[in-house]
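Trainee: Sharing a structure with you now.
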Amino acid sequence: MVKLAKAGKNQGDPKKMAPPPKEVEEDSEDEEMSEDEEDDSSGEEVVIPQKKGKKAAATSAKKVVVSPTKKVAVATPAKKAAVTPGKKAAATPAKKTVTPAKAVTTPGKKGATPGKALVATPGKKGAAIPAKGAKNGKNAKKEDSDEEEEDDSEEDEDDDEDEDEDEDEIEPAAMKAAAAAPASEDEDDEDDEDDEDEDDDEEDDSEEEAMETTPAKGKKAAKVVPVKAKNVAEDEDEEEDDEDEDDDDDDDDDDEDDEDEDDEEEEEEEEEEPVKEAPGKRKKEMAKQKAAPEAKKQKVEGTEPTTAFNLFVGNLNFNKSAPELKTGISDVFAKNDLAVVDVRIGMTRKFGYVDFESAEDLEKALELTGLKVFGNEIKLEKPKGKDSKKERDARTLLAKNLPYKVTQDELKEVFEDAAEIRLVSKDGKSKGIAYIEFKTEADAEKTFEEKQGTEIDGRSISLYYTGEKGQNQDYRGGKNSTWSGESKTLVLSNLSYSATEETLQEVFEKATFIKVPQNQNGKSKGYAFIEFASFEDAKEALNSCNKREIEGRAIRLELQGPRGSPNARSQPSKTLFVKGLSEDTTEETLKESFDGSVRARIVTDRETGSSKGFGFVDFNSEEDAKAAKEAMEDGEIDGNKVTLDWAKPKGEGGFGGRGGGRGGFGGRGGGRGGRGGFGGRGRGGFGGRGGFRGGRGGGGDHKPQGKKTKFE
């Protein structure tokens, strides 16, 4: 290559060029223009003044790709082109610059590829720097790689500076739309040649890549494939390949980089299109999502029943179609002289609904058994509506104090009008409880009045309403369901752990219900509930049996107060405070002593670890805590009589809070300890933990004076 002067001497006044885009070309005496290229050329030529008659070798540009946002500007009048003194200046073919409105081609010399358009830097004096590593023609000399790298770096700087000129250059070109048509035809012919000769990239360096120009006003850049040079002498190409083998390697690397950039630009343009379509797709998807719930709601074809007398039909053969199932169901009922108004099949075809004309037909249909439709024995029952649970509760009774060995058949003999009987059991063992459901609420009320206190295998049963009716009953309610200040239930405490319900039944002969709470191991918790048919019976038992000895222990009896009774102690909570404990009492023993308790904690000395004689017992609900408190009032645990009280709720200074306060003379920590006690929220152990915090807070500058209370 010809080494171009980077800081040439000041040249004569340059010749001003016509409005861009135009090409710069020098006359070449030694090169000939091919006829095809002369036909293709449509741009204007500007001759750069030559100095000292020296001829510079023609430079050829390698492939270049310009991003849509980057424009290439030809030399402007402010730019002075300089050639190396002492050498003959040769024509430097300019690379064809294409705009959406006008295409300009530049004739190239024979044996040389068209050069890249000279890039001008406004206001900068010096030699015009050609594009990336140009190759010499027939008279070109090979240059060192260092000089080539310097040329590339300066060219990159010029390219960056020319970005500001792009908009001014594009607009004049857009006004000449008349010249665009011929150029476009030539470009189409040359595009075909480009496609055929893609495999000759390494041998033919005269090939140029597509240049993209961005139209003004933000329009999408049009891609135009420039013309490939024609009629290049093969012998000269081979000579150039031998001479510039090293340059080809560098050019190929640069070409690959340019191609990668072009591919990235195309990918960005392709990615923009789906983004525009996304809103529409989202709307369609949202519409589908909105429609989905409606489809889910419609589980049955024609969900609206035609009559008020409906029957649920289950276990249908879902392998059949809905019309087939409708016909089959209608035929089955028609054979039994039942007229079907309509049949509605579920979407899964596993169930359906049948509408009848009258309640009589519906009742007759419910009495049918063993009906088969397409080989499946269908299930018939009344449909379950929104209020079905409420209705079932109103016509259902709870029977308690049943013999543990009683069966459904035996109960069926007692409750003749019962529609369904469900025995309650746990781990395979009966709990002496059953639910008796009737067809109507009137039947349930009638049975409640007539069968209350009926004996079964020597045990007097107790009946209760379920649902809303049962909420108005006494805790151990009976026939008189509302509280009138006269309880019918006795709470028995200090009961021997070996005592059973059968043992108590022998003592309290008039009792209608007896319950001895047991722990997980089946061991008695030391208290019981004894219910009578009337307040008089309960009061009589209280007066005659209180402090009576049963299996070696003197029992204590008291009337049970109702939930929310004015006689109940104020501010109940879920936690009981228990004091008077033996030092030998463990947390497990304390927990087992209270029916329904979920955990228990005993407060211990932080230094010795021995019990302080009090603790806390937690329950799931206030009701459970109340019942346990009444049962264990003045009771004994491990031989010690205990005293019960409600644990103070948060904000009222629980016992643990006081412990924390005493331990926290260390300042702030002590205060935190007190609040920790309040945080016990009646759960005892947490209050003790507050005391522990008080001790820790007391540390620091002073020796802790509180005692650590450790739980769990």
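Our numbering is plain: 1 for the first residue shown, then up by one each step along the chain.
In case you wondered, yes, glycine gets a Cβ from its N, Cα and C as well.
The model shown is predicted, which means the values in this text are computed figures rather than measured ones.
Take a look at what Swiss-Prot says about it:
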type: DOMAIN; residues: 488-562; note: domain 'RRM 3'
type: MOD_RES; residues: Ser34; note: phosphoserine
type: MOD_RES; residues: Ser41; note: phosphoserine
type: MOD_RES; residues: Lys109; note: N6-acetyllysine
type: MOD_RES; residues: Lys350; note: N6-acetyllysine
type: MOD_RES; residues: Ser358; note: phosphoserine
type: MOD_RES; residues: Lys400; note: N6-acetyllysine
type: MOD_RES; residues: Lys515; note: N6-acetyllysine
type: MOD_RES; residues: Lys523; note: N6-acetyllysine
type: MOD_RES; residues: Ser593; note: phosphoserine
type: MOD_RES; residues: Lys648; note: N6-acetyllysine
type: MOD_RES; residues: Arg668; note: asymmetric dimethylarginine
type: MOD_RES; residues: Arg683; note: asymmetric dimethylarginine
type: REPEAT; residues: 75-82; note: repeat '2'
type: REPEAT; residues: 83-90; note: repeat '3'
type: REPEAT; residues: 120-127; note: repeat '7'
type: REPEAT; residues: 128-135; note: repeat '8'
Trainee: To the nearest Å, how far is the Cα of Lys350 (N6-acetyllysine) from the Cα of Ser358 (phosphoserine)?
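Mentor: Here the two Cα atoms lie 25 Å apart.
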Trainee: With a 10 Å radius around each C-beta, find which of these modified residues (Ser358, Ser593) has the fewest other C-beta atoms nearby.
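Mentor: Relative to the other modified residues in Ser358, Ser593, Ser358 has the fewest Cβ atoms within 10 Å.
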Trainee: Going by Cα-Cα distance, pick out whichever of the modified residues Ser358, Lys400, Lys515, Ser593 is nearest to Lys523 (N6-acetyllysine).
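Mentor: Looking at Cα distances from Lys523 (N6-acetyllysine), the smallest one goes to Ser593.
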Trainee: Drop a 10 Å sphere on every Cβ of the modified residues Lys350, Lys400 and tell me which sphere holds the fewest other Cβ atoms.
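Mentor: Across Lys350, Lys400, these modified residues, the one with fewest Cβ atoms within 10 Å is Lys350.
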Trainee: Which of the modified residues Lys400, Lys515, Ser593 has its Cα closest in space to the Cα of Ser358 (phosphoserine)?
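Mentor: Ranked by Cα distance from Ser358 (phosphoserine), first place goes to Lys400.
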Trainee: Measuring Cα to Cα, tell me the gap between Ser593 (phosphoserine) and Lys515 (N6-acetyllysine) in whole angstrom.
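Mentor: Rounded to the nearest whole number, the Cα-Cα distance is 15 Å.
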Trainee: Out of these modified residues, Lys515, Lys523, which one has the fewest other C-beta atoms within 10 Å of its own C-beta?
Mentor: Lys523
Trainee: Looking only at the domain 'RRM 3' (488-562), how are its residues distributed among DSSP helix, strand and coil?
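Mentor: Residue counts for the domain 'RRM 3' (488-562) by secondary structure: 18 helix, 25 strand, 32 coil.
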Trainee: Which whole-number value in Å describes the distance between the Cα atoms of Lys515 (N6-acetyllysine) and Lys400 (N6-acetyllysine)?
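Mentor: The separation of the Cα atoms works out to 9 Å.
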Trainee: Within the repeat '3' (83-90) only, compute the mean pLDDT.
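Mentor: Its mean pLDDT is 40.
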